[in-house]
Amino acid sequence: AMEKSRPLWDNPLQFVFACISYAVGLGNVWRFPYLCQMYGGGGFLIPYFIMLIVEGMPLLYLELAVGQRMRQGSIGAWKIISPYLCGVGVASVVVSFFLSMYYNVINAWAFWYLFHSFQDPLPWATCPLNSNRTGYEEECEKTSSTQYFWYRETLNISPSLEVSGSVQWEQALCLMLAWLVVYLCILRGTESTGKVVYVTASLPYCVLIIYLIRGLTLHGAVNGLIYMFTPKLEQLSNPKTWISAATQIFFSLGLGFGSLIAFASYNEPSNNCERHAVIVSLINSTTSIFASIVTFSIYGFKATFNYESCVNKVILLLMNAFDLEEGSLTADNLNEMKEYLMATYPQEYAQLAPQLKNCSLEAELDTAVQGTGLAFIVYSEAIKNMEVPQLYSVLYFIMLLMLGIGSMLGNTAAILTPLTDSKAIAARFPKEVISGVVCFINCVIGLTFTMEAGNYWFDIFNDYAATLSLLLIVLVETIAVCYIYGIRRFEKDLHTMIGRKPNWYWKIMWAFASPLLIISLFIFYITDYILTGTLQYQAWDATQGQLVTKDYPGYALAVIGLLVAASTMCIPLGALLTFIRKRLKRESCSTV
């Protein structure tokens, strides 16, 4: 009865769009380019595509097949495979709940920047005047206008995690708006989500194409692209390169959250989930490379602009100090002239030396930035120097919103599908009420991230809420399908659904390669946490205008421990409770 009444996607294309909208997220735009920059440029693509073949495609196929066959959300699907695995689904829901709590804050920030993008000039283009209007704000002068707008105007960040501060009501209102948009998108389940995903999946590509055309015509773009595609093959001997490639594939596809199982559960039973797993995997990885080309063209423009600005300041300083003729000092002969002036006027040059910056294009390109730093600081800095910056700013932050909202649709589906599958909950409350309650609870808790210390809590959730938990969840999922449910039984299910059994590649990956890789990743992260010692975070020091490293206080470490334990402990606790319940049932039956 439940299977017949279950809502379905209108067509297989709608399902593919939903998966792409969820999987292709902010990580493709801000994390993949950072990893390319850190681990060998074009050389990083070698381990990346190997990991796509070994873990990405097989695990995505496995989750889609489980959801489509069991016709349930994560909790129900794993409960059908074995009652002892109910905790796996609960763990996925808990991780998705943690992710939803903080992830929508990114959409709130995108709304904030979007609203400010209609001003001329852009508010992050120049430093604001001080209260006396005699000069610029001291904090802004020590950093840059884009960093000042991010840390002071947007976050109004406190000096440390211990100083919580108050809720920033502008950010709180943006967060409420972000949750209202998400609620309207999920209001009627697949009926409303199915229409929204066409926009959230396709619009970012339109913006990326516009940015690609604009980016390639920017002065210095070629410097960024050369930097990206020049392979540093020595990085292939670095274990962290392979670990980072595996982790990027794992998280960019959204494995373990339960969202893919939830989406697949609304498929027709005969849907070709194997083909869709390959399509979604390839589109996701191609998007990462495409977004990197756009990012590095803009990064090259920014680096070249900063380098040339630095050179021009040095030239102006030397010309004024040594009364040189106009045009006698250029970027081409700068180093030679510096050596000549140092030899001819040693005392004067020595006095001027502290003010002379060592300008280097390579150093500018080597500055690695990821996450919110890339999305809201680096891009903003590049945009302000473009022609018609308001247009490119509006386009960029609309793209960020589409990517963020698309991911949120998957996150909320992972929470709502098991709830609406529950007869006890679905019989009492309509879908709209269940969706509303989930969004409201997340929004209220999310207000924590709009406080002055909110960005530090955001980093805690972003770094620790999912990593180890998801690795454990997907490891148990793979073992459950291959060795508890049985790979031969799973083969028959796939034959029933798509008309053929999986070939040797899929079976080897599921049974051996993928589990071994996940275990290796798990050991690496545990070892890394132990060797790191005291966990630290980056705090904003307004007096220096830069980030400084601080140790996490004791209560923050306790929260980190709870975040990891809250989801991972669901798996053994679920099995234990099922065992106790069965034992009590047997005993009660035997006494009767």
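Yeah, the Cβs are placed from backbone N, Cα and C, and that goes for glycine too.
Given the structure is predicted, the values throughout are model-derived calculations rather than measurements.
Listed in TrEMBL for this protein:
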BINDING   A23, V24, N28, S252, N284, L403, S407  Na(+) binding site
TRANSMEM  12-32  transmembrane segment
TRANSMEM  44-62  transmembrane segment
TRANSMEM  83-103  transmembrane segment
TRANSMEM  169-187  transmembrane segment
TRANSMEM  196-222  transmembrane segment
TRANSMEM  242-266  transmembrane segment
TRANSMEM  278-299  transmembrane segment
TRANSMEM  394-416  transmembrane segment
TRANSMEM  437-458  transmembrane segment
TRANSMEM  464-487  transmembrane segment
TRANSMEM  508-527  transmembrane segment
TRANSMEM  555-580  transmembrane segment
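Feature map: TrEMBL annotations on the structure.
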residue: A23; record: Na(+) binding site; Cβ contacts under 8 Å, 6 or more apart: S252, L253, G254, V280, N284, G410
residue: V24; record: Na(+) binding site; Cβ contacts under 8 Å, 6 or more apart: A201, P204, S252, I283, N284, T287, L403, G406
residue: N28; record: Na(+) binding site; Cβ contacts under 8 Å, 6 or more apart: S252, N284, T287, S288, A291, L403
residue: S407; record: Na(+) binding site; Cβ contacts under 8 Å, 6 or more apart: S21, Y22, G25, L26, Y103, G254
Distal contacts, the transmembrane segment (464-487) - CB-CB under 8 A, six or more residues away: 59, 62-63, 66, 78, 81-82, 85, 88, 91-92, 94-95, 98-99, 102, 247, 250-251, 255-257, 507, 510-511, 514-515, 518-519, 521-522, 525-526, 560, 563-564, 567-568, 571
Per Cβ pairs under 8 Å, the stretch of 169-187, 242-266, 508-527 packing most closely against the transmembrane segment (394-416): 242-266
Leading contact stretch, 44-62, 83-103, 278-299, 437-458 vs the transmembrane segment (12-32) - CB distance under 8 Å: 278-299
Remote residues contacting the transmembrane segment (555-580) - C-beta distance under 8 A, at least 6 residues beyond either end: 83-88, 90-91, 94-95, 98, 161, 460-461, 464-466, 468-469, 472-473, 476, 535
Ranked first among 169-187, 196-222, 242-266 for CB pairs under 8 angstroms with the transmembrane segment (508-527): 242-266
Number of other Cβ atoms within 10 Å of the Cβ of S252 (Na(+) binding site) across all protein chains: 23
Listed stretch, out of 83-103, 196-222, 242-266, that has the most CB pairs under 8 angstroms to the transmembrane segment (437-458): 83-103
Other parts of the chain folded back onto the transmembrane segment (83-103), taken as Cβ under 8 Å at six or more residues beyond its ends: 73-77, 256-259, 261, 404, 407-408, 411-412, 414-415, 418, 438, 442, 445-446, 449, 457-458, 461-462, 465-466, 469-470, 472-473, 476-477, 480, 484, 563, 566-568, 570-575, 577-579, 582
Outside the transmembrane segment (242-266), six or more residues from its ends: residues with CB under 8 Å to it: 6-9, 15, 18-19, 22-25, 27-28, 31-32, 35, 38-39, 44, 47-48, 50-52, 55-56, 59-60, 63-68, 70-74, 77, 89, 92-93, 95-96, 99, 190, 273, 280-281, 284-285, 288, 407, 410-411, 413-414, 416-418, 466-467, 469-471, 473-474, 477, 517, 521, 524
Neighbours of A23, V24, N28, S252, N284, L403, S407 excl. site residues, C-beta within 8 Å of centre, Na(+): I20, Y22, G25, L26, G27, L253, G254, T287, S288, G406
Greatest C-beta neighbour count within 10 angstroms, which of the binding-site residues N284, L403: L403
